[in-house]
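Novice: Could you have a look at this structure, given as structure tokens, before my questions?
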Amino acid sequence: MQAEKTPRNIKAARGTTLRCKGWQQETILRLLENNIENGERPEDLVIYMNAAKAARDWDCFDAIVRTLKTMEADETLVVQSGKPVGLFRTHAFAPRVLLANGNVAGRWAGDANMFELEKRGLTILPGMTAACWQYIGSQGIVQGTYQSFVSAAEQYFGGSLAGRIILTAGAGGMGGAQPLAGKMAGAATLVVDVDPVSLERRLNTGYLDVIATSVDDALARIRTLAAEREGGSVGIVGNAADVFEALHRKELRPDIVTDQCMVDPYRGYVPSGLSPAEAAQLVRTDPEQALALAAATLARHARAMLRFRDDGAVVFEYGNTLRARSVAAGVPEAGELPSFVTLFIRPLFCRGIGPFRWIAASGDPKDIAAIDGIIESTFAEGHMIRQWIPMARKYIQFQGLPARIGWLGHGERSKLALLVNEAVADGRISAPIAFTRDHLDAGSVASPYRETEKMQDGSDAVSDWPLLNAMLACSNGASLVALHSNGDKSASAGQTAIADGTPMAAFKLKSVLDADTGIGVIRYADAGYEVARETRALHGLGIEIGGGE
């Protein structure tokens, strides 16, 4: 199978005309197309992270599309690391698509071996939502990033980020949420990225306000925003290590410092002095030299962040393994930095609250507006989703198929989904709605450097939980179920359930979504978190062990 270099203009189909034999298959096909439409490098099927792919290659993509268009409503497509390998007669209640992406056994899952397996066309880096067709653009993590910044304000800055400066790096498909999230939280946010294309994309989609022409220009702009106590964002093109050092020399003292660069040297971390294209070429021709140069740059990058910390900034990693890689590069103090999960997100996970999302298969923004209305008439005024929806309407542009992210907890996701299914059935919503989520959720991931870092009981690396999550999703009839690994660093599960207005969809939605959040609550209760134990008791989840017969 040959890589295709001529770009295709892949766009998700809109409207209510079917190309497949049912709305379940059609919606999944549109989600795949939507991934490509929103991808950072669609000509290579790369969606984000400079490497996370939607399919192994274009031949595999075409075979997936062809199968989705012709398969029956009682068949299941099986995909192995972006390659369709089988179509099986199952039953109407079974998932239509099962995917296992990037899973490599234990000691063979390190960076170098994974990179070699990718080069040989045997696996892919799946990301969390790229290879299972659940990506909705940078919006996918904007609320979680916003929530982290707001929580930082509450914990460290008296409840407000007005007049505060956030410094960060990385403006790709994931990191691109940071400047908008910081602006929404009221901060003056400065984001550095070595790739001008990434910053231009964020500018064009409303996630970034302006791109500075130099470090001095960026400093002047960000200081003006902070002095005026206005939320806003500034981008600057440059290597994070170089720019962070320059900003420190010029006496910028940010209040919050974090980072969402792709720090994997094989897949996108750019050494100082090289362009992204030059770095990619060096990885191909001399990977050992690329690794050495990247490690030297990353060490400078981490030391700059530590200097900001020593000057009083709140500094934390945003889940990109910067700390572990910096420690390996000779900066042991980087391991002292906390994670955004342990600082801000874990209390939400204990209540089953996480990044739920819904996508309008019709492509009609009116369908999302209808769901906004359902939310506003269903959830109490003080609920975080009620606070979020007006902000999302104001600030977030749709990318590809109209979609929303909204953090909801146990029982709340199914409550919304059932009301939406009714609206599809009676025509208030014009076509099916796909409900899915990030893999960053309570019960769907084992990631000792991120979601499950420093678990109370030491169960950081126990990966039974995402496996159980995926098996539950299959048992309950999710339309699509995926199991992913990020090399030797994490394992995760994803699922999509489709509201097509039918009674069967209603049954599936209730079962799938309640089990998804329920296993998350149980996971944290099992680890000893009191809030999770209270939530488990409130909802009658779990099994009591001990205490007699």
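Glycine is no exception: its Cβ is also placed from the backbone N, Cα and C atoms.
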Novice: Among Met49, Met71, Met455, Met471, find me the residue Swiss-Prot lists at the same NAD(+) site as Gly173, Met174, Gly175, Asp193, Ser198, Asn239, Ala240, Gln260, Val270, Tyr318.
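Specialist: According to Swiss-Prot, the candidate sharing the NAD(+) site with Gly173, Met174, Gly175, Asp193, Ser198, Asn239, Ala240, Gln260, Val270, Tyr318 is Met49.
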Novice: Should Tyr318 (NAD(+) binding site) be counted as helix, strand, or coil on the basis of DSSP?
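Specialist: Once the DSSP labels are grouped into three classes, Tyr318 (NAD(+) binding site) ends up as coil.
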Novice: Excluding near sequence neighbours, so keeping only residues 6 or more apart in the same chain, what lies with its CB under 8 A of Gln260 (NAD(+) binding site)?
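Specialist: Expected: Thr168, Ala169, Gly170, Gly172, Met174, Gly175, Gln178, Tyr318, Gly319, Asn320.
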Novice: Of these binding-site residues, Met49, Met174, which scores lowest on Cβ atoms within 10 Å?
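Specialist: Selected from the binding-site residues Met49, Met174 on minimum Cβ neighbours within 10 Å: Met49.
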Novice: Using a Cβ-Cβ cut-off under 8 angstroms and a sequence gap of six or more, which residues of the chain neighbour Asp193 (NAD(+) binding site)?
Specialist: Ala169, Gly170, Ala171, Gly172, Gly175, Leu199, Gly235, Ile236, Val237, Gly238, Ala240
Novice: Using Cβ atoms only, which residues of the same chain lie under 8 Å from Asn239 (NAD(+) binding site) while being at least 6 residues apart in sequence?
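Specialist: Listed in sequence order: Val192, Val194, Val270, Pro271, Ser272, Gly273, Thr297.
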Novice: For Tyr318 (NAD(+) binding site), just count the other CB atoms lying within 10 A of its CB, please.
Specialist: 22
